[in-house]
Amino acid sequence: MKRPTCKCCCRVFFRILFLICFTICFLYICKVGLDAETCDLRVVDPKHIKCSLSPQNAHTFAKRVMEAQCRPEFARKEMDRRFRNRYNMGLESFVKKSKDLNESLYLYGPPFGFRQYLRELNEILDMIPNDGLPEGRSSKSCSRCIVIGSGGILHGLQLGSAIDKYDVVIRLNNAPVHGHERDVGNKTTIRMTYPEGAPISEREYFNNSLFVTVLFKHADFLWLQAVLKNETLSTWDRLFFWKSVTEKLPLKSHQIRILNPLIVKETAMDILEFLPPRQKWWGWDKNVPTIGAIAIVLATHLCDEVSIAGFGYDLTQPHIPLHYFDNLCMNAMNRQPMHDVSKERKLLQTLVREGVVKDLSGGLHCDFCSTHQTQGITTT
């Protein structure tokens with residue numbers, strides 16, 4: 001057998017080196033991104049005033065929602081009625097340690113399942129002692145959830161006190177509480193995020209709250225293992241995140257949960273009717289729901305009644321604030337490759353209009369604006 005020449009070995013070596021350098025540069029560009037246009041949160045869009053989207057109107061509506069009698073299993077039954085066999089009323093919210101895992105978990109890879117990652121999953125579950133809501137949260141005969149989006153529409157609505165009255169408050173990614181209590185409250189029952197979205201500041205973690213992680217890729221499993229073991233993620237593994245991730249969570253292991261990926265699958269393929277995932281050499285299919293849409297579906301499984309606030313991406317208004325806590329503009333959503341936010345918006349608007357979910361900020365459909373005014377509402 002002819003041995004490879006030195007010239008051939010060098011050629012292979014430089015090809016591999018080029019591939020590694022290209023990969024590192026690509027990942028770096030993804031992490032840094034492009035400079036986004038900025039919008040001033042202090043500027044009030046005149047359409048807000050035109051449609052009477054005022055703190056007083058929002059407070060009155062929120063009070064009316066909370067004073068109404070809570071209806072047991074209302075959200076689940078309405079979702080089942082609306083989507084029939086596409087919504088599973090008995091779906092578990094979080095992954096449990098079990099010898100007999102749901103066979104559906106084997107069908108797809110993350111975030112829709114755990115195919116090829118069952119060994120890593122079981123290692124993680126061995127370190128997580130609990131798999132449900134904290135004691136006292138799940139025993140109430142009728143409970144209300146509210147999912148807090150990050151929309152700029154929350155800025156100035158002063159819904160904080162109303163939000164804190166809910167039994168379960170679900171917050172997303174790194175959306176801050178501190179410094180924004182007047183608008184978004186200070187109660188957090190669940191912080192739901194993927195690794196890149198986990199807050200850096202320790203002030204955003206609370207002793208009585210849960211950290212629910214959504215696992216999207218292999219590196220996410222490695223990150224969660226490192227966090228639970230109090231170890232440092234390797235430099236190589238950190239390259240596979242599109243932004244820097246926190247290395248430590250100021251939480252106990254009993255506060256950590258893994259979202260059942262069948263919730264993601266149900267949201268994407270069953271409710272939104274996205275196509276099943278397929279392998280692509282470059283880019284992504286827009287079949288992954290936003291974490292906000294996933295959280296709303298999760299809330300229907302956790303609670304009897306569900307409200308939302310801070311939802312409603314309006315891509316027709318590119319120069320309004322995207323978030324309540326920074327100066328990104330709405331058009332920043334046009335640069336994300338994974339989400340079909342227009343289709344999500346239509347779905348969520350339908351849920352609000354049909355009364356399955358209550359929208360306290362009026363970003364998707366305003367129940368506290370007059371009919372002729374609702375059409376002109378500014379949302380984020």
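Heads up, the Cβ atoms here are built off N, Cα and C, so glycines get one too.
Among the candidates CYS142, CYS145, CYS369, the disulfide partner that TrEMBL records for CYS303 is CYS145. The DSSP secondary structure for CYS303 (disulfide bond) is coil. Taking the Cβ of CYS145 (disulfide bond) as reference, residues of its chain lying under 8 Å away and at least six apart in sequence are, in sequence order, TYR166, ASP167, VAL168, VAL169, ILE170, ALA299, LEU302, CYS303, GLU305, VAL306, SER307. The Cβ of CYS303 (disulfide bond) has 27 other Cβ atoms within 10 Å, all protein chains considered.
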